[in-house]
C-alpha cells in the first residue's frame, strides 16, 4: 500500500505546482470562489477573544481557602492559619531593617510561633537557630556596588526526620519590608506560608530522607544581605544541597516558578510531578536572566555564593502595590495562600524524600525545558531531547519545502514566489512596528502617556488595533492595488503564506536551539500544530478547500489554536509583570515605546498564520473600515475622558503614581573641613518617564521646584539609597528649598595614612551613622583605587549616565542592631602625585538615610506628602549628605 500512496501524494503536489505555475505563467480563471472577508475576520477576532477570556478566567481561579477546625486533619495546609500569621507580621507597619517592627516585633513573633510548632512536632524534631551576622560582598545589580552589613538577623528552623539526616533542603523567605510598605505580598505572605508549612509537615506521617531548613531572613530588602549572611556564615549552610526561594513582585495571584538551576533538571521534574497547580515557564527564566526585569532575588545569592541549585518562586500579580503603602493583606486573593501552600507542601515532601538531593548523579547536569499549559499541567523534558525534537521538526519543514522547490520544471517559480512572500512578511512587520511606534509618539505628543497603565484594555485601540489594521490593509493593498500574485490561484497563494510561516518559525526554532535556549519550545509549537493538523491532515483528507470554506477555517484555526493559546497566555503573563514595572522603570525608559514594541511583537505573532487569509477573502475592506471606526471612537474616549488617565487611587484596586520625596540636608567640605556649600530642601527623583507632569499642574511645591545640577559632590551630589542614577537621572529630578534638618549626621574620620610604596598609600577611615548609610568614593583622574578592605575583590566603578564623566565607587552599608564599634575600613590608592600632601586625591560622600522612626519625616516633608493627589502614593524619608575631600 505504501507505493500507491506515495505516488498519489506526489501527483497531488505536482498538480498544485501546475496550478500555480502554468507554462505561459497565466492565471487560470477557474472557480476562484473567495470567502466572505467580514465574516472570516469577525470569526478570527472571536477566536482570539475566546482564548483571552479563557486565560483570564483560569488565572483568576483558586482553590477554596481552608480553615483548621477542631476535627480537621493536623497534617493539612490551612490558609486560615497562614492568614493569622500574615496579619500579625504586618500589624506593626513597615519592617525596615533597623526598625523596631523588624528587629523586635516580627522577629519575636516568628520565634514564638516556631517554638509553639516545635512543641507539637510529630515523629520529627525541630531545632531553632538565631543568627546575628556581619559581612560584605560585591554585587552587580542595577549597577556595580559593594554591600556591607552588620548585625543582620536571620531565624532558621531545622525540621529533622526521625533518625536524623545529613543533607538539607532549604526554603527561604524574608520578613523585612521596604520603606513605607507593610510588606504583605513582599514578602510577609511567604513567611506566613512557611510557618504553616512547618506546622503541617512536622505533624504529618510522611517519611523524610533529608532535613528541611526554614530560613526567615531579616534583610532581603537591603539588597540581599540576609541570605548572604546565612549561606556564607551559618553553621547549617554546609548541609544544604538545594533550595526553594520565595519572593514577590506584587501581591496575590498565582505563584510562578521563573528560575531554576543552574542545571539539576530533577528539581523541575519534582515540581512538575508534585505541584497540583503548576505555573512556570523557561521563557520566564530566559527573560529574567536577560536583565530586562529591574529586580533580583535571594536565588542569586544562594546560586552564586552557595553554589547551589534551586527553584525561584514568586508572585507577579498586582505589581502596582509592590513596595508601596498599599501592599496589604486585603489585596491578596482568597485562595491564593491555599494554592501556594498546597503546591509547596507537595514540593517540599517530594524534594526532601528524593535521594537525588544528596546524590543527583547524572541529573546534576543539563537543563530542563518546562512550561505549563494555562496552569492545567506542566510539560517538561530535557534540553537535549528538545534539541533532537526541534532538529527533526525543522528538518521536516526544510525537507518538505525543499522538495517542493525542486519539484517539476517550475522550481524557479516557487523559489521566486517564496522569496516574495518573505519580503511581504518583512515589509508587514516593519509596517506594524511603524504603526505602533507612531501611536506611541502621538500619545506622547498630546500628553496622553501610559493610557494602558491602569486600564490594560486600552492597549487594544491604542496599539493592537493600529498594528492589526495595518497588517490587513497592507495585504489588501498588495492584492488589489499592486496586483501581487494576480496570476496565481488565491487559494494556493494562501498556501504559500502558510508555508512561509512554517519556514520562518523553523528558522527561529533553529536559532534558539543553537543558542541553547529552552524558549525554543514556543516557535516549535508554531510548527507542530500547523504542520501536523493542517498540512498533513489536508493531504490525507484530500479536501477541496474552495468548496469547503468553513471546514478549511475550522481546520486552520484548530491547527494554530495551541500555539495561539500559549503565546497569548505568555504575553498576558508578561504584561501582568511588566505593566506595573513601567510605573517604576525610571526616567530613561519610555514606557509607551516599550509597550508599543510589545504590542507590535504580539500583532506580528498572532497574525502570522492569518494574513494569508486576506488573499482568499473578498470584501475585506468592509471589515477594515469597521475596525477603524471602532478604533477611532475608542481612542477618542481615551484621549478626551478620564478613561485614558494612567493612574488610579481606587481603594479596591489601586494603581497609583509613585512619588519619591526626600527632605535632604547637604554639606560640601574642603580638605581643611571648611564648608564650601550647604543647602537643604525636598528632593524629588522621578520613578517614571512622566516626571510628575500631571502632579505639577496642581502642586505648588513641584511648581516652585527646580532641577538638580550635578556640579558638586560624587554621584551628582545627592543621597541615592541604591545606585540607580542611570535609571533615575538626578538631572531630571526636582529640588525645592526647605528648612535644615536637625539630625545626627554621618561622621567620617581619616584615622591614619600608611605609605605602602613611593606611589601607593593606605588610608584608614572610621565612620558612624544611621542604620542605612551609603558611601560614594570618587577618585581624581590621575589617582587609581587599587583595593579596599570592604571586599576581597578589586571594586568596579558604578555605572553612570553618559553625560557624567567621573570614576565613582558605590558602597551600601546597613546594620540591624547598632554595632558596638564604628564602621572601619581602609582604601589603597596609587598616584604619581604626593599622596600625603595638601592636594586632594579623593572625594568621599556619605549619605545617612532615616527610613523609619521619629527622624523619618519632617513637617515640611509631611505637608508635601499631604498635598499629593489620591491617585499617587508617596515613598518618603529624610537624609543627610556630606561630601569630603581627602
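From the backbone N, Cα and C atoms, a Cβ is placed for every residue, glycine too.
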Between 18-37, 38-57, I'd like to know which one TrEMBL lists as transmembrane segment.
38-57
Whether the transmembrane segment (457-474) meets the transmembrane segment (369-399): three or more C-beta pairs under 8 angstroms
no
Maximum Cβ pairs under 8 Å to the transmembrane segment (550-581) - stretch from the list 38-57, 369-399, 419-445, 593-616, 623-645
38-57
Comparing 38-57, 369-399, 419-445, 623-645 for Cβ pairs under 8 Å with the transmembrane segment (593-616), the winner is 419-445
Other than its close neighbours in sequence, what residues sit by the transmembrane segment (623-645), given a CB gap under 8 Å and a spacing of at least six beyond its ends?
37-38, 41-42, 446, 448, 451, 454-455, 458, 460-462, 465-466, 468-469, 472-473, 476, 694, 871
